[in-house]
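Positions annotated as repeat '1' by Swiss-Prot, on the basis of similarity to another entry: 81-138. Per Swiss-Prot, the feature region '2 X approximate tandem repeats' maps to 81-192; the stated evidence is similarity to another entry. Annotation source Swiss-Prot lists substrate binding site at 105, 205. Per Swiss-Prot, repeat '2' is recorded for 141-192. For 169, 170, 264, 318, the entry in Swiss-Prot reads pyridoxal 5'-phosphate binding site. Residues or ranges marked as N6-(pyridoxal phosphate)lysine in Swiss-Prot (evidence: similarity to another entry): 321.
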């Protein structure tokens, strides 16, 4: 490896470039760390001024940045300038108080600082021996959170189950489906994999279908059971029973059911207790996906949404969605940890150690797809300690209150309608001045197209950002409160902007028709 001569160093210093032979010099770390914290504090203070959805065109960054990496070091000051001028314009600002799209990414000071500590320790926490504190803290915080959710004891370490922090719900579903697959194939033979069937609804997140593909489930054996408006688009147990019965009669093997508490499109809630009963008849693995709404269930008034979870095999929710824990942090609990371990464990010689052989420790590498893993428990622990249960509940309630406010504003305008019941902090609505409940054919197409155009015009301004869904054939706008910085004033401003653009679009269409 070559070295820089004194002339080169002098030239670098003269040009103001940062240079240090130690890439982790404590004093330089302190200096630059303060600069980055100040940069982010200013960003949070001013994020409301930025267009929420990035206004750049595809390929914009390639036109700005050099074609190759710099040969010599550049100062952090220079890099931060480039971030301000080139990167920030290309960010869709999920932390903006005017962000109402998808579901929120509700970061917090505690979540950020926990992530900072985790990154600073840079521990690779694949088994207990590789970082005992990381493993043991994870077992503790998942039990803490399981108790907050009033999960049955059998999901906690204290009751023979246990929790693990995955990256996302996609990983949680894939891990549990793999465990379910191997458990069944060990009974009926591995050559029978083509008979295994996976069940969700037509509202279930696409992660289920992706997991089924990866797990080797035949594409023809994936069932998206139809939902109906009469059930608020939640999965009905009797509809599931019909589909499962037909599969059994055809000689197929029901494997895995994924009910959802808070679907992505409309926050619909599947009927857990009845669905678990159907699954039990066929010895299916039931994984409850509460990625978004699980956070709300720490509040007693929302806990009923997961009634029936005692009949499930596993349960997960994303703390990085609505629990003030910075991305990524999916909390997964299983009743049978050994099923995960049997499907996912590897024990090469170089990982063998006395702690593992004692069988007194948890090795989380055997609860996930990858070997290496991050110290995710640190940020979740800090969030729960820094805010406390009472404040966490009140934060969640404040977001629900803002959603109720928006729901009331929509209902008061006769041109708009609420499309499905609001369960949590997301409102599905659309422009429909005729208020015909079941418009069909060309009329439905016109209403859908108007709402599509309205959403795009609102989003293109950068004043706020929403996303859409198609529910029962109806194109709807989704307004999800929950961004950490959002206040009631932002909700009211967003509604005024929507009304203004609806009126302008109506005028534009009317003018075009007249001429």
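A Cβ is built for glycine as well, from the same backbone N, Cα and C atoms used for every other residue.
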Close binding-site residues near residue 321 (N6-(pyridoxal phosphate)lysine), where close means Cα within 10 Å, chosen from 105, 170, 205: 105
Among 205, 321, which are recorded positions, the residue with the most C-beta atoms within 10 angstroms of its C-beta: 321
Where residue 170 (pyridoxal 5'-phosphate binding site) falls in three-state DSSP terms: helix
Rounded distance in angstrom between the Cα atoms of residue 169 (pyridoxal 5'-phosphate binding site) and residue 205 (substrate binding site): 10
Confidence summary (mean pLDDT) of the repeat '1' (81-138): 96
Surrounding CB atoms that lie within 10 Å of the CB of residue 105 (substrate binding site), all protein chains: 19
Other residues, Cβ within 8 Å of 169, 170, 264, 318 Cβ centroid (pyridoxal 5'-phosphate site): 168, 172, 205, 207, 289, 291, 292, 321, 330
Residue among binding-site residues 170, 264, 318 with Cα closest to the Cα of residue 105 (substrate binding site): 318
Residue 205 (substrate binding site) and residue 264 (pyridoxal 5'-phosphate binding site), Cα-Cα, nearest whole angstrom: 7
Residue 170 (pyridoxal 5'-phosphate binding site) versus residue 205 (substrate binding site) - Cα distance in angstrom: 9
Helix, strand and coil counts within the region '2 X approximate tandem repeats' (81-192) (DSSP): 69 helix, 6 strand, 37 coil
Recorded pyridoxal 5'-phosphate binding residues, 169, 170, 264, 318 - maximal Cα separation rounded to whole Å: 14
Greatest C-beta neighbour count within 10 angstroms, which of the binding-site residues 264, 318: 318
Three-state secondary structure, which DSSP defines for residue 318 (pyridoxal 5'-phosphate binding site): strand
Residue 170 (pyridoxal 5'-phosphate binding site): tally of other CB atoms within 10 A of its CB: 18
